[in-house]
Amino acid sequence: MSSLKVSQQDKKWVNSGSVAILAYCASSILMTITNKVVMSDRTFNMNFLLLFIQSLVCVITLLVLKVLGSVNFRSFNKTDARNWFPISICLVLMIFTSSKSLQYLSVPVYTIFKNLTIIVIAYGEVLFFGSSVGNMELGSFALMIVSSLIAAHGDYLHSVERLKKMLGPNVSFSFIVNIGYFWIAANCFASALFVLLMRKRIQVTNFKDFDTMFYNNVLSLPLLLLGSYLFEDWSQENLLPHVDIDNLSTMIISGLASVAISYCSGWCVRVTSSTTYSMVGALNKLPIALTGFLFNDAARNLSSAASILLGFASGIIYAVAKQKKLQNSEKI
């Protein structure tokens, strides 16, 4: 049995979709901003190590809370681990591609392009769960795509101008600028696969929030450590500049932030649906994007403003469409 130990009167809000959505919004803002702080240095090349530290902090925090009696979740066993391992592989792919995206893209552009994940998930739910996509939803998807194209245009121009000042006008910028879009595209598909498989596996295993959180992170540890050992430079010259006291402190803080996002992700998927979970993230992009303007690499131009507003509008349209579909199904 996995549970947050609360009183009888508090059980109502623990199972409330609106409370889960608000908690997910707050934790996703915290996670995005803390990861951007860590990844803002383009020379940072220890992504797997960063993700390993985040997952390790999350696992240690959970175990400490369990010992203190604040939370309860299933003990580790081989059967559950074997059933959940494919989800952990998807999680590693999702968080790695997310960290690489944040390394090359500004927070506003990153959050806008994450909208495209919703389209992939929506059609994934058609295949996996027999849901349908209506005309209003298609309209919101079209707005998401348009907002992403506008954001990409404004960000490209801003990035080229910034790189010209840094590297000189004679350097080719196409690879440097476009690599971020490759990583965000990979992240969209990895995120969709993770959410869809997790929802299906939760139905099979009857995992609760802390079970999901514990197994997601503990099974990721060997994968992340192996990835760091195989693909990252562990020489003293490379390791010391990236793992000094300031960077290590920020990594630990981002690990604590990952505790919140790990729990709230599983919580939100359990009490709502995987598409609603992703749509909330899309609606949440407005405060995330505005917060992202605190960073110097975020483009402040008309394209950025238009893309954010269009993306936000697409979220509202989608939410209305889902509400109408729910009301129609209740009438039948």
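Note that the numbers count up from 1, one per residue, in the order the chain is shown.
Using N, Cα and C of the backbone, Cβ positions are placed for all residues, glycine too.
Among the features that Swiss-Prot reports, N-linked glycosylation site is placed at Asn170 (among others), with the record citing sequence analysis.
According to Swiss-Prot, the feature N-linked glycosylation site maps to Asn247 (among others), an assignment based on sequence analysis. According to its DSSP assignment, Asn247 (N-linked glycosylation site) is helical.
The topological domain 'Cytoplasmic' feature in Swiss-Prot is assigned to 1-12 (among others). Per-residue confidence over the topological domain 'Cytoplasmic' (1-12) averages 54 (mean pLDDT, predicted model).
The topological domain 'Lumenal' annotation in Swiss-Prot covers 34-47 (among others), and the record cites similarity to another entry as its basis.
Positions annotated as topological domain 'Cytoplasmic' by Swiss-Prot: 69-84 (among others).
Annotation comment: Swiss-Prot describes 153-174 (among others) as topological domain 'Lumenal', evidence class similarity to another entry.
When the topological domain 'Cytoplasmic' (196-211) is classified with DSSP, helix, strand and coil residues number 13 helix, 0 strand, 3 coil. Residues or ranges marked as topological domain 'Cytoplasmic' by Swiss-Prot: 196-211 (among others).
Within the same chain, residues 38, 44-46, 49, 53 sit at least 6 positions outside the topological domain 'Lumenal' (233-248) and bring their C-beta atoms closer than 8 Å to a C-beta of that stretch. The topological domain 'Lumenal' annotation in Swiss-Prot covers 233-248 (among others).
Taking DSSP states H, G and I as helix and E and B as strand, the topological domain 'Cytoplasmic' (270-274) has 3 helix, 0 strand, 2 coil. The feature topological domain 'Cytoplasmic' is assigned by Swiss-Prot to 270-274 (among others), with similarity to another entry given as support.
The annotation topological domain 'Lumenal' is assigned in Swiss-Prot to 296-300 (among others) on the grounds of similarity to another entry.
According to Swiss-Prot, the feature topological domain 'Cytoplasmic' maps to 322-332 (among others), an assignment based on similarity to another entry.
What Swiss-Prot records for 13-33 (among others) is transmembrane segment.
Residues 38-39, 92, 95-96, 99, 210, 213-214, 217-218, 220-221, 224-225, 227-228, 231-232, 242-243, 248, 251-252, 254-256, 258-259, 262 of the same chain, all 6+ positions outside the transmembrane segment (48-68), place their C-beta atoms under 8 angstroms from a C-beta of that stretch. Positions annotated as transmembrane segment by Swiss-Prot: 48-68 (among others).
For the transmembrane segment (85-105), the list of distant contacts is 32, 35-36, 39, 42, 44, 47-48, 50-51, 54, 113, 155, 176, 179-181, 183-184, 186-187, 190-191, 193-194, 197-198, 201, 215-216, 219-220, 223-224, 227: same-chain residues at least six beyond its ends, Cβ to Cβ under 8 Å. What Swiss-Prot records for 85-105 (among others) is transmembrane segment.
Taken from Swiss-Prot, the feature transmembrane segment covers 109-129 (among others), and the record attributes it to sequence analysis.
Annotated transmembrane segment per Swiss-Prot: 132-152 (among others), in sequence order, evidence recorded as sequence analysis.
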Original post:
Same chain, outside the transmembrane segment (249-269) by at least 6, Cβ under 8 Å from its Cβ: which residues?
Top reply: 20-21, 23-24, 26-28, 30-31, 34-35, 37-38, 50, 53-58, 61-62, 195, 198-199, 202, 207, 209-210, 212-213, 216-217, 276-277, 280
**OP:** For the transmembrane segment (132-152), find every same-chain residue at least 6 residues outside the stretch whose CB is under 8 Å from a CB in it, and list them.
**Re:** 108-109, 112-113, 115-116, 118-119, 122-123, 126, 181, 282, 303-304, 306-308, 310-311, 313-315, 317-318, 320-322, 324-325
Subject >> Residue numbers, six or more beyond the limits of the topological domain 'Cytoplasmic' (270-274), whose CB comes under 8 Å of its CB atoms >> reply: 15-17, 20-21, 121, 125, 195-196, 198-199, 202, 208-209, 212, 280
Subject >> the topological domain 'Cytoplasmic' (69-84): DSSP-derived helix, strand, coil residue counts >> reply: 7 helix, 2 strand, 7 coil
